[in-house]
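Over in Swiss-Prot, the protein carries these features:
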- ASP305, ASN307, ASN309, LYS311, GLU316: Ca(2+) binding site (BINDING)
- 371-381: compositional bias 'Pro residues' (COMPBIAS)
- 957-969: compositional bias 'Acidic residues' (COMPBIAS)
- 1055-1066: compositional bias 'Acidic residues' (COMPBIAS)
- 1104-1116: compositional bias 'Acidic residues' (COMPBIAS)
- 8-43: domain 'EF-hand 1' (DOMAIN)
- 9-106: domain 'EH 1' (DOMAIN)
- 42-77: domain 'EF-hand 2' (DOMAIN)
- 166-201: domain 'EF-hand 3' (DOMAIN)
- 292-327: domain 'EF-hand 4' (DOMAIN)
- 360-454: region 'Disordered' (REGION)
- 703-774: region 'Disordered' (REGION)
- 812-890: region 'Disordered' (REGION)
- 909-978: region 'Disordered' (REGION)
- 1004-1024: region 'Disordered' (REGION)
- 1044-1066: region 'Disordered' (REGION)
- 1095-1116: region 'Disordered' (REGION)
Amino acid sequence: MSLNLSAEEQTAFDQLFKIADKQDIGVITGEEAVPFLEKSGLAPQVLGQIWQIADAENRGFLTFSGFVIAMRLVALAQEKLPFDYKKSGKIPYFADIHISGVDSSKFVQLNRPNNVSSGDGSDGSFLPPISSDEMTRYQQMFTTVCPTDGLMDGDRASSIFGRAPLSTEILARVWNLVDTHKRGALDIREFNTGMHIINLLLNGSLKSPPVSISPSFIASAASTSSVSAPSQYPGLSRSPPVQAPNIPVSDPWAIPSQDLTSFCQLFSNVDKAHKGYVSGSEAYSFFLASKLPEDVLAQIWDLSDTNSNGKLNIGEFCISLYLIKLKLSGKELPKVLPSSMLSSVAPLMQKSKSVPTSIPSVVPANISSPNPNPTLAPNPTGPSRVTSGTEDLLSLDATPFSPTLAPQHTSSNATKHSAPPVTKSAPFPVVSPLQLNHTPGFPTSPAAKPNSPTSTFFPQSSFGQTIAKNTMDKPSAVRTSVPSQLAAPIPQVASAEQLKLAAEVPKLESQLSQVKKSNDDLQKSSRDVAANLSDVKAKVSEIRKAYDEELAKAKQISLDIETNKAQTEQVNREYSILEATLNALQKQNKQKGEVLEQVVAESEAAKNMVESSNASIQQLKSEVADKEQTLAQLHLQLDEMTQRLVSLDEESKAVSQRKLDLEYKINNSKTQLATATEEYHEHSKQLEAEKQELSKLEDGLKSVNLTEEAPKPEVDSTPRFPSFTSNGITTDKPTLPDTTSSVPTQHNSFDAMHNTLRSPSLNSNNSSAHASTVSRNPFHNLKISGASSPVSNFWESEFASAVFPRSISKTTSLSVNNSSVNPSLDSEPVQLSNMEEPQHQDSSVVDVSTSASQRGSPVLSDLSKLTGSARNTAEPVENTSAEPIENTSAPTPFEIANKQQATEPISAPFATETISTPAPVKPPVPPSRRDRSAQDGVVQQATPHIQDEFPPIQFNEIDDDESSSDEEPPMSNLSPQISIGSVTNYTSAVTELPDPNHQLEMSTTTHVQHPNSETIPSSTENQYFDTTSGAFEANSNTEVTVNSNEVSQPFDFDTANESDNDDDELPVQQVVSGSLANDAFNVDDEFDNQFANLQAAEIKDDDNSSTDEEEHAGHH
């Protein structure tokens, strides 16, 4: 019966069948089915009903079709539905079994059965009851091991229990539980209980053996021990299965002992009649369950049937099952059975010989039978049909049989011969009705009917033909042996017996008459049967012919059906592929249509966006143009406001600087005023003393009569008189001889005071006390070169640009008298006023005049205050304009000399070389911090001074001879011009500096032009600040030309030190080449000459040189 399975059922049942078929032989035996079905949680009675329905043929095992029926019945029982297994339903639930690939909703929702013990209880009531199948199986095992007595000793029980794959500890606990009498042996109840516990442990129903078992459970384990097996296992209690011997396996073809035990159990299930062998019909259905081809099964049958008798005993059955197992595992079958395989089943073959086989017994016919003339009915014939392989196998035991009874011949002389009648010849043995009933394949009607026409059956399958060949060859021996038994001569009867027989003659005669009558009836019936037989033969031949034709047609139809099935399957596959392709194409077309619609919509949206974007762009362009125009206007306004802010800022800075200047001047003036006051008091005291001495000398002169005039003493032709400026600074103002007056020079004692008030000379005798010590003059580290040096001129320019921070015009000239420089000038600020550019501005020689004053000994203006001489007290008015203001006071001898010198050309060794410095000008830098590139003709940028190293020098203006003003004249009105013997013209724009410390942060970039006409460009963005307008103006770059011969002259330190310690004093007035100005300062003339000829010395100062290099790299 074929059942239509769903996909879920097919998947689930395949997995469950593989789990239940532990031996992997293609069928599920009763031993394997019991523990498997118990996991469903159903009662044993329900499982027994399910087994009877699934195993309808009562074969003792389940094929896959029977297993499917059992699974559906289990699912229906779990859902408590009627047993209708023809309809598909849910998948049954089995404890501890997981099935993959099936939805959980397809399973029966059933919890774990409660009747299965977990092994944790201490009472035996937790153990499930022993099913009848298990009880029968356990009883067979017990009776096999103990056939006589009712006890199983420990060795035999341990050998059986030890076959379970459990630990020794668990088996010992099981033994202690079931050995209730502690006698070292088990009866059938205890043995069944122990086997049941072991089975529960193996299938997972119990995790561990229980603590104790109730006596009632053990007593119920043997309640069915004397009852025969249930209907599905007929005859198991009558014939226990043969146990497989324990044969060591050393050869791959030898059958293992475990397999032999399993095969013997299967043999007992298949051999339901316990004949000791398995017929072809019984083996055929069992072998087909392995799903092997029929030709392979036929080969296995040929190898297993060692006796070629068409049936398999227990040893041959084990061989066939082992060969099936090897073939299923993928191994090839041997051509001939190996000796190791035969030796492994040899004990089973010997035991099978002692089992009687069912051979039909031959008995003589009973002559005195009350029914001597049985009626023979012909075998009915039906329509021909196609036989299957199973029918071929089932018909092997139905041997062709056509019994005929020969007529009996008795002695005519009944009185002389009294012997039982016998048949003379019989072609087939007479079989008893009992034997016929036990012969499979015979009809239920009487078989011993003579003249019964039968036809010989020829099986169609190769497997059936192989078995039929072996079976058809055997009955010939039996048929040939029967006549020999019937033809045996009857032994002679003794005389006594003859007398007895003679007494029975009348009786026998009467019987003879009856027999004759019966013979006549039989002959008549025989003739009738012969006539019927000819008719039947004719009909049989016709039917045989029709059968063969129909058989050929059936085969052809079968072939056509198979071909059509193959074609139909191919067409169905192609149809499935085409249908899937069509669905895929339709789906793709639909998707592409949707994408096309979406793309079209997006394209339309993009076009609209482009149009709106173009309109927005045009609008934005117009707005951008308006914004740009507005922005340009705003930029113009911003530039204008920026310029205004810059102007205001510069003006603010100028005012702040002016304020700081004034505060600084006020502080200096206060300090100088205090110093001058002290000096004034000292001079007053000295003057009083001198007056007293003078009065004494005058008194002495009056008393002395001079007869002749005293020689004229040699005094300084340029007497110096102390003078106090308006800010309290004392200055030395030379008094030049008046060429227009013939007033003789007065000789008084003020010259001594004047000499006393002079500053100590570098070469005077007053400094001899310090000759042995190291000079602290920073200029002693410089070397002296020739009469004139560009370095000295550069110092003059540096000091002029640093100490005169204000610039009225773009060009300011400064020339320092080399004979009036004092080291004390380094600590005083210098002021420089603007001068008008002379008419010969384009020439290389520019006349400069000076109006600076140096604090020192009293000058003429101060002396005039002391002596009470008249001075010009007119205060000059400060002029803030850019134009220079002329001095309204009378010209001084300095100015007269300078004006005369301005008209004459200057002849100097390097008068043709011009040094120009762009604005802004920064404070002076000592030679030790200058770059060493001066030897190459380039004056590098000076590094800033450290604080208080070289403070700026301040020069106060020189008052006029007739002036006695107490206030400082405005800086814009000063126009100092001093003529120097070797003059170098400097043209620079000076920037007003906020304070002395801030002046050190400024720097001056000087461009020097080498005699070889190598031009070095100056900074491209030099600017100077105009104090009158408060704005910066760009200064054009100029070139500076320096005589490299003069620059390269070394400085003589030895000469400088010797001249520093010299006691001789230079005269106050000194004439230099060209036009020389008078010395207005109280300093040494020799130092002035040295200062004019200074040259930078090569001094290795790592710190200063690194600073110079960094600053030089920053500017370049």
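Using N, Cα and C of the backbone, Cβ positions are placed for all residues, glycine too.
Sequence-distant contacts of the domain 'EF-hand 1' (8-43), counting only residues of its own chain at least 6 positions beyond either end whose CB sits under 8 Å from a CB of the stretch, comprise 50-51, 60-64, 67-68, 70-71, 74, 77-78, 88, 91-97, 99-103, 106, 110, 112-113, 115-116, 128, 131, 133-134, 137, 199, 202-205, 232-233, 262, 265-266, 269, 286, 289-291, 321, 324-325, 328.
Across the domain 'EF-hand 4' (292-327), the model assigns an average pLDDT of 86. In this structure, the binding-site residues ASP305, GLU316 were compared by how many other Cβ atoms lie within 10 Å of their Cβ, and the smallest count belongs to ASP305. Within 10 Å of the C-beta atom of LYS311 (Ca(2+) binding site) sit 24 other C-beta atoms, taking all shown protein chains into account. Residue density at ASN307 (Ca(2+) binding site): 13 other Cβ atoms are found within 10 A of its Cβ, drawing on all protein chains shown.
DSSP assigns ASN307 (Ca(2+) binding site) to coil in the three-state reduction, placing it in neither a helix nor a strand. When the domain 'EF-hand 3' (166-201) is classified with DSSP, helix, strand and coil residues number 25 helix, 2 strand, 9 coil.
Under the three-state DSSP scheme, GLU316 (Ca(2+) binding site) falls in the helix class. Sorting the domain 'EF-hand 2' (42-77) by DSSP state (H, G, I as helix; E, B as strand; all else coil) yields 25 helix, 2 strand, 9 coil.
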